[in-house]
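Heads up: the structure comes next, in structure tokens.
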Amino acid sequence: MKPPSSIQTSEFDSSDEEPIEDEQTPIQISWLPLSRVNYSQFLGLCALPGCKFKDVRRNIQKDTEELKSCGIQDVFVFCTRGELSKYRVPNLLDLYHQYGIITHHHPIPDGGAPDIASCCEIMEELEICLQNNRKTLIHCYGGLGRSCLVAACLLLYLSDTVSPQQAIDSLRDLRGSGAIQTIKQYNYLHEFRDKLAAHLSSRESLSRSVSR
């Protein structure tokens, strides 16, 4: 009897008799609605495509083809180069390029948060993607910590009316209770607007002094 398609048998089969096959299930993309921040688009979040680690046996070619068939035009990757090697997808960024997907690589340490200058750069690039109506996806390793943090920051960046807790709740409703995983990420989100304002102010002051 064939198991239900929703069960990924490679995760449950402990037999050593057969080599572990790649998972056949399509990569799961969660779509965050941006209507509350006055954008009609959705932002995609997912786990690392092609990942081979412990019980996870994804196929990099199939996953990338799936993203392309979903119409993904831009992808933001928050894994470090070291992680891409560890999870056996060292050429993922090149593969995206081969498929014509614009790649934005902003490495953030696992469990961590970007410095405010890097985060501001990510926000500005994401906003340009949305303004140009480009179908955009973001991912880290599990699609829960760094990706959800960046998505929550985007909600705060695009709207003054969304509170940090509302942003967290939106991501946890979408990705589960594991979204925004560490105290560092939680605190970062609550301090985001103040740090962003200070960063933009200092950047503006520097720009004025240079132009004199």
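Heads up, residue numbers simply count up from 1 along the chain you see.
Using the three backbone atoms N, Cα and C, a Cβ is placed for every residue, glycine included.
As annotated by Swiss-Prot, active site, phosphocysteine intermediate applies to C140. When secondary structure is read from DSSP and collapsed to three states, C140 (active site, phosphocysteine intermediate) falls in the coil class. Summarising the environment of C140 (active site, phosphocysteine intermediate), the number of other Cβ atoms within 10 Å of its Cβ, over all protein chains shown, is 25.
The compositional bias 'Polar residues' annotation in Swiss-Prot covers 1-12.
Summarising the annotation, Swiss-Prot assigns compositional bias 'Acidic residues' to 13-23.
The domain 'Tyrosine-protein phosphatase' annotation in Swiss-Prot covers 32-201.
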